[in-house]
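Scroll down for the structure; my scribbles are underneath it.
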Amino acid sequence: MSKSHAAYIDYALRRTTNMPVEMMGTDVVRLKDYQHFVARVFLGLDSMHSLLLFHETGVGKTMTTVYILKHLKDIYTNWAIILLVKKALIEDPWMNTILRYAPEITKDCIFINYDDQNFRNKFFTNIKTINSKSRICVIIDECHNFISKSLIKEDGKIRPTRSVYNFLSKTIALKNHKMICLSATPIVNSVQEFTMLVNLLRPGSLQHQSLFENKRLVNEKELVSKLGGLCSYIVNNEFSIFDDVEGSASFAKKTVLMRYVNMSKKQEEIYQKAKLTEIKTGISSFRILRRMATTFTFDSFPERQNRDPGEYAQEIATLYNDFKRSLRDREFSKSALDTFKKGELLGGDASAADISLFTELKEKSAKFIDVCLGILASHGKCLVFEPFVNQSGIEILLLYFKVFGISNIEFSSRTKDTRIKAVAEFNQESNTNGECIKTCVFSSSGGEGISFFSINDIFILDMTWNEASLRQIVGRAIRLNSHVLTPPERRYVNVHFIMARLSNGMPTVDEDLFEIIQSKSKEFVQLFRVFKHTSLEWIHANEKDFSPIDNESGWKTLVSRAIDLSSKKNITNKLIEGTNIWYSNSNRLMSINRGFKGVDGRVYDVDGNYLHDMPDNPVIKIHDGKLIYIF
C-alpha cells in the first residue's frame with residue numbers, strides 16, 4: 001500500500017508549495033531540504049495526527065519541530081502546545097530555539113518534565129486549563145524515555161506515566177489533535193518498546209502479537225504495508241556503534257578502539273568479592289557492584305547488606321577521604337607529564353615519586369589510569385563517559401584528573417546549576433583545541449540533548465545495557481558540522497571503549513555487557529529497517545507509480561488498518577552442506593562471531609540468517625588459533 005501513502009505525501013507537498021524555507025524570529029535560519037520536506041508533509045496533511053522523527057543525533061530534530069510549531073496556525077487558528085521533555089533540556093535546546101526563531105509561540109507553550117514525580121498530576125491539570133476550542137499539539141522529546149517509563153513493571157504495577165500514554169493514544173486522533181515524537185534511538189531495551197511506540201502513534205494497530213520467531217521478524221512485509229508514513233527517517237550512519245565510519249563534508253570520521261586493561265591484583269580481589277555479594281543478595285542480574293569494581297576499588301570492599309544505611313555511607317565517606325588525603329600535595333612532575341603526552345609510559349629514568357604515584361593509582365583503577373594517559377596523548381578535546389557519580393565514579397576520577405593536571409568540567413546530576421554554562425565555555429571557539437578546558441566528564445545526565453564541538457576522543461568507561469545508549473553518548477560529539485572549526489587534519493573522533501580484563505582469562509562484566517548488546521541488536525536492526533521502509537522519505541523516493549489525489553479524506557482509513565501477523569511467512573528449513581566458520585565485521589576484531597559457509601559460498605550467522613556471499617578473495621586474520629573472515 002506504499003503507493004497509496006505516496007499519493008498523500010504528494011498531495012501534502014502540492015498544498016505547501018509556498019511554505020517558506022527560512023524561519024525568522026530574533027534570528028534567521030534556513031532549513032535543510034530534509035527538514036523542510038517533513039514539515040511540509042506533516043502540515044500539508046491535517047489528518048496526519050502523529051509522526052515519529054527518527055533522526056540521528058545532530059541533524060536538527062528540535063529545529064524541524066520548532067518550524068512545524070511556528071506554522072501550526074497556517075492550518076488552524078488556536079493551538080495549545082504541550083512539550084514533554086527532560087528537565088535538563090527545557091532551557092537548552094528547546095526554549096533557546098523557540099526564542100530565537102519562533103518567539104511568538106512561547107505564550108502557547110506548556111513545558112512539562114516527564115521525569116517529575118508529579119508528572120501525571122501536572123499533565124492532567126494543564127489539560128483541564130486548555131480552551132475547548134483549541135487544538136493540542138503534543139511534542140514528546142526523547143520519546144524512548146517516555147515509552148520506557150510507560151511500560152508495566154515486572155511486578156505488574158502500572159507506572160504513573162502510563163496514564164498519560166493511554167490518554168494520548170486515545171485522544172490525539174479522536175479529537176483531531178497532533179503529536180510529534182522525537183528520538184535518535186526509538187528502541188532501546190526491548191521489542192516491547194516498538195509495539196508501545198507504534199500503538200501510541202497508530203492506536204490499536206499492533207495488538208499483542210509475537211513479532212519474532214527464532215530472532216527473525218515474522219512478517220516484515222505486513223508491518224511495512226500497514227505502517228506507511230509512520231515516521232521521518234534521517235539516519236546517515238546505519239552502521240553498528242562498534243563500526244568505523246568514514247567522514248564527510250558535514251560529519252567527522254569515527255574510529256572505534258577497544259582498549260583492554262588488566263585489573264591489578266587488588267582490583268581482582270575486590271571484583272570477586274563484589275561478584276559473590278551480588279549472588280548472595282540476589283542482585284547479580286544488575287551487575288552494579290562488579291561494574292563499579294572494574295572502575296575503581298578502595299583498599300577494602302564495604303559490605304552493605306544488613307547494615308544501617310548511615311553507617312554504610314559513613315564508611316564510604318571515610319574510604320574516600322582517606323584516598324583523597326593520600327593524594328594531598330602530590331602530582332606528576334612536568335617530565336612525567338611530557339612523557340605521557342608523547343603516548344609513552346614512565347621509563348627507568350623516571351623519579352621515584354612519579355613511579356610510586358603511578359603504581360598506587362593503577363592498583364586502584366587500571367581504567368582511570370588508561371583514560372588519563374589517553375587524554376594527555378590526545379591532540380584535541382576529550383569526552384569521558386562515567387555513569388557512576390559517587391563512590392567509585394566521577395568523584396574519584398576528578399582526583400585522578402587533578403594529579404595528572406587535566407583541566408575539566410563535569411556534567412552530572414550534582415552540577416545541575418552550573419553544567420549548561422560550563423558546556424558553553426567548553427564549546428567556545430577559543431577552546432577549539434582544548435587550550436582552556438581539555439575534558440568534559442559526563443554521566444547519563446549528559447547522554448541526551450546536549451552538543452559538544454571539536455571533540456577528538458571519547459572514552460567510555462562503562463558499558464551500557466544497550467547499543468542505543470551508546471549511540472546517544474557518541475552522538476554528543478559527532479553531529480552535523482560539529483567539527484567545522486576544527487583543522488581539517490583533526491576532523492575525526494576516536495571512540496575508546498575501556499574494557500577490564502581478569503588475569504585468568506574469564507570474561508568480566510564489561511565483556512558480558514558487550515555480548516548482551518550484540519544479542520539485542522539482531523532484532524533491533526530488523527525493526528529499524530521497518531522504520532526506514534515506512535518513512536516519508538523512503539516512500540517518496542521509491543514509490544512513483546501512483547494516481548494523484550485532490551483531498552485527504554482517505555488518509556485516516558489508510559493508517560487505521562490493523563496489523564495481522566497471524567499469517568506468518570513460510571519459513572522453510574533446509575539442510576545445507578558446508579563448514580562452520582568464524583567471522584568479524586571489524587578489521588580490529590572487536591567482535592568475533594560464529595557462522596556457517598555453505599558449499600555454494602553463501603554465508604549465514606549462527607541463527608541461520610543469510611548474511612552475504614563469500615568474496616572471491618576474502619580477508620582472513622588469525623586470532624587465538626582461529627581463522628577469522630573479515631566481512
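Glycine too: its Cβ is placed from the backbone N, Cα and C atoms.
Quick look at what Swiss-Prot lists:
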- 42-204: domain 'Helicase ATP-binding' (DOMAIN)
- H55, E56, T57, G58, V59, G60, K61, T62: ATP binding site (BINDING)
- 141-144: motif 'DEXH box' (MOTIF)
- 367-532: domain 'Helicase C-terminal' (DOMAIN)
- 457-524: region 'Binding to the cap-specific mRNA (nucleoside-2'-O-)-methyltransferase' (REGION)
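Within 10 Å of the C-beta atom of H55 (ATP binding site) sit 24 other C-beta atoms, taking all shown protein chains into account. A strand conformation is recorded for H55 (ATP binding site) in the three-state DSSP classification. Other residues of the chain with a Cβ within 8 Å of the Cβ centroid of H55, E56, T57, G58, V59, G60, K61, T62, the ATP site, are A184, I234, R479, L480.
Neighbour density for V59 (ATP binding site): within 10 A of its CB lie 21 other CB atoms from the protein chains shown. Per-residue confidence over the motif 'DEXH box' (141-144) averages 95 (mean pLDDT, predicted model). Secondary structure from DSSP puts G60 (ATP binding site) in coil. Sequence-distant contacts of G58 (ATP binding site), defined as residues of its own chain at least six apart whose C-beta falls under 8 angstroms from its C-beta, comprise F251, S451, G475, I478, R479, L480, S482.
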